[in-house]
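Undergrad: Quick one: the structure is below, questions incoming.
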Amino acid sequence: MTLENRSTCLMTCQSSLLPKKPRFLSQKMWAPHLVVAYLIFVTLALALPGTQTRFSQEPADQTVVAGHRAVLPCVLLNYSGIVQWTKDGLALGMGQGLKAWPRYRVVGSADAGQYNLEITDAELSDDASYECQATEAALRSRRAKLTVLIPPEDTRIDGGPVILLQAGTPYNLTCRAFNAKPAATIIWFRDGTQQEGAVTSTELLKDGKRETTISQLLIQPTDLDIGRVFTCRSMNEAIPNGKETSIELDVHHPPTVTLSIEPQTVLEGERVIFTCQATANPEILGYRWAKGGFLIEDAHESRYETNVDYSFFTEPVSCEVYNKVGSTNVSTLVNVHFAPRIVVYPKPTTTDIGSDVTLTCVWVGNPPLTLTWTKKDSNMVLSNSNQLLLKSVTQADAGTYTCRAIVPRIGVAEREVPLYVNGPPIISSEAVQFAVRGDGGKVECFIGSTPPPDRIAWAWKENFLEVGTLERYTVERTNSGSGVLSTLTINNVMEADFQTHYNCTAWNSFGPGTAIIQLEEREVLPVGIIAGATIGAGILLVFSFAALVFFLYRRRKGSRKDVTLRKLDIKVETVNREPLTMHSDREDDTTSISTATRVMKAIYSSFKDDVDLKQDLHCDTIETREEYEMKDPTNGYYNVRAHEDRPSSRAVLYADYRAPGPTRFDGRPSSRLSHSSGYAQLNTYSRAPASDYGTEPTPSGPSAPGGTDTTSQLSYENYEKFNSHPFPGAAGYPTYRLGYPQAPPSGLERTPYEAYDPIGKYATATRFSYTSQHSDYGQRFQQRMQTHV
């Protein structure tokens, strides 16, 4: 519909609605009707599309946190009149600035129809219902609810910041979150770990909008809670992250005690240290020690030291620590290893034949013991428990039983208990007894059974006697703990007494018991025979001891024939090396002969039938320990001295083996290594004519064969060049030459280095020495000095 049509319609409608003017009415009567018609026209005009006033945006429900800004929208179309806001039905005023409400104002463009209500710094009082009204258009928006959220004003735990508690006493931790809207939610934390089980309640304030939340958490404080932190977190929609407050616990508790032993396992009598380690809040006031429930008067510290016995295994040692809150007592037993100790003693038992008997014996020991029951004089184990059960006993079961306890590697103990079985007397004397002819003799009759005999009588030949004297015979009765002894004493025993049988009969309430005893003669050795045997045994013992001493002496003497080295640090050797090609006959002897005795035999083989080499070459060895203690005045330094007298040394001299002629062969090599001292002793002889060796040097001291004043030093090294000399006293032998060539006697000229005829089988014996087996003797003309350290 166009505007022209719309105007035409309006005019038509208006004319149709107006009453027709009667011709007889005046103009004043038509005036009210014109006003009504006008209003109807305006209303219809506004109702038509494109021309009516309406809300394009109305306020909606909102939530705002106290202190924040809130805007309620209101937008009108086709309206240019007055707009106002109401709060819970109360008009706030007109215009943009609402002077009565400083935090309120209408914002937006009026040309655009925007009449928004802005609230700054929202408060609890702003929590209401709001409405936008177009007064001239008689329009009202929907009601919008503005909800103001208020966080808890304060969160507090009662009793903080430090709460003093008693260990073991339950306590409720209480947290309060005040004046929150909506009511706050409370969560508990213990050292950062969320706790469950809290009980929560709320209280509504007088304004009817805010609430206070109360939460209680039940705890059981212990000494481990000292310093523990509990946190209360309160939150609502106004503060999602919440507010927190914390408290710390201070728990008073009696001492917490740990009792230790060092060492933990001990033997009886050893020392033990008890240590009482304790923690307490408040501080410890003192210590008390007790053993087996009895106070130890002189122990007041945290350590107690004592020597333990077996009682510490069964009687605990206790340590009591106390403070203002209370005291704590801790006890412990000591693992004491001890020998068996009896707890229940076995009791002697008397019973009748056919009864059952139980013997009891209780021991204690540590480590666990082994218990055995045996009968005296028997090794058969009858039981391994504390009790020995004997069923249907007879008189044969009577006797002494042994209860033995064994603690491995610690000790053994035992107790004996007798068992008496009532019955007729049992005589336990020997059936054959002895006496000496002419002396006083005794025949004994012992009854160890129970009950004791009422009567004991002796009968022999035609004689009968219970007690008293009859001619040479006397009967006596003696009571002891083990039984009754009746003794028949015979004065001046005769031959007829050995031909008689003696009847001993005893009676008690259970009947009689009889034994037949034979008396036999005991032969006595004369005193002279006994004395002679004793003396002979003593003499034999003396001779045996002397033989043993002599044997040990000879054995020790024989063991001193070895040669020992007194100095082990330095040795000097002078070794000649000869080509084996010059003396082919020496090859077989190089490794087979190495002792001093064989060397002497090689040199003096012609005298071996007349001289006892074993005696002449006796070596007196000084013990190794003494040799080590001897000191070298040169501190191990060795000298090789030429053209000087040979120093006095412990050497075997060979003067007895040489003929005292002007020219003699000296069997000793020029280089001598003392195998007793370890020092090198070298004498260098010049290559002089044969006359230079006309006499033998006088020995430095007497040297008898087998002498004990020196230690023989037998050095048989290959020696240096000597002049040739005929062997004294043996003209028939070929000339014996060693070493470098010398001027030969007439008729024996040879070229230099020409081989000479050997003397006998052992011509190469002088090549052997006490040097190492690996020494090289293959080169004749190469001389070397060896130093061994």
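Easy rule for this one: first residue shown is 1, then count along the chain.
Just so it is clear, glycine is given a Cβ too, placed from its N, Cα and C backbone atoms.
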Undergrad: In Swiss-Prot, Cys445 is paired in a disulfide bond with which of Cys403, Cys504?
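TA: Looking through Cys403, Cys504, the record in Swiss-Prot gives Cys504 as the partner of Cys445.
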Undergrad: Can you dig through Swiss-Prot and tell me which residue of Tyr171, Tyr310, Tyr637, Tyr753 is labelled phosphotyrosine?
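TA: Per Swiss-Prot, phosphotyrosine applies to Tyr637.
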Undergrad: For Cys175, which disulfide partner does Swiss-Prot record out of Cys132, Cys232?
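TA: Within the candidate set Cys132, Cys232, Swiss-Prot assigns the bond with Cys175 to Cys232.
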Undergrad: So which of Tyr638, Tyr719, Tyr762 shows up as phosphotyrosine in Swiss-Prot?
TA: Tyr638
Undergrad: The disulfide recorded in Swiss-Prot for Cys361 goes to which of Cys276, Cys403?
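TA: Between Cys361 and the options Cys276, Cys403, Swiss-Prot records the bond with Cys403.
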Undergrad: For the transmembrane segment (532-552), could you work out the same-chain residues 6 or more beyond its ends whose Cβ comes under 8 Å from its Cβ atoms?
TA: none
Undergrad: Take the C-alpha atoms of Cys361 (disulfide bond) and Cys175 (disulfide bond) and report the distance between them in angstrom, rounded.
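TA: Just about 69 Å between their Cα atoms.
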Undergrad: Measuring Cα to Cα, how many angstrom lie between Cys403 (disulfide bond) and Asn503 (N-linked glycosylation site)?
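TA: Asn503 (N-linked glycosylation site) has its Cα 37 Å from the Cα of Cys403 (disulfide bond).
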Undergrad: Mean pLDDT for the topological domain 'Cytoplasmic' (553-789), rounded to an integer?
TA: 41
Undergrad: Using a 10 Å cut-off on Cβ-Cβ distances across all protein chains shown, tell me which of the disulfide-bonded residues (Cys232, Cys445) has the largest neighbour count.
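TA: That would be Cys445, with the most Cβ atoms nearby.
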Undergrad: Which residue counts does DSSP give the domain 'Ig-like C2-type 3' (255-335) for helix, strand and coil?
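TA: The breakdown for the domain 'Ig-like C2-type 3' (255-335) reads 4 helix, 48 strand, 29 coil.
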Undergrad: Sort Cys232 (disulfide bond) into helix, strand or coil using the DSSP assignment.
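TA: DSSP call for Cys232 (disulfide bond): strand.
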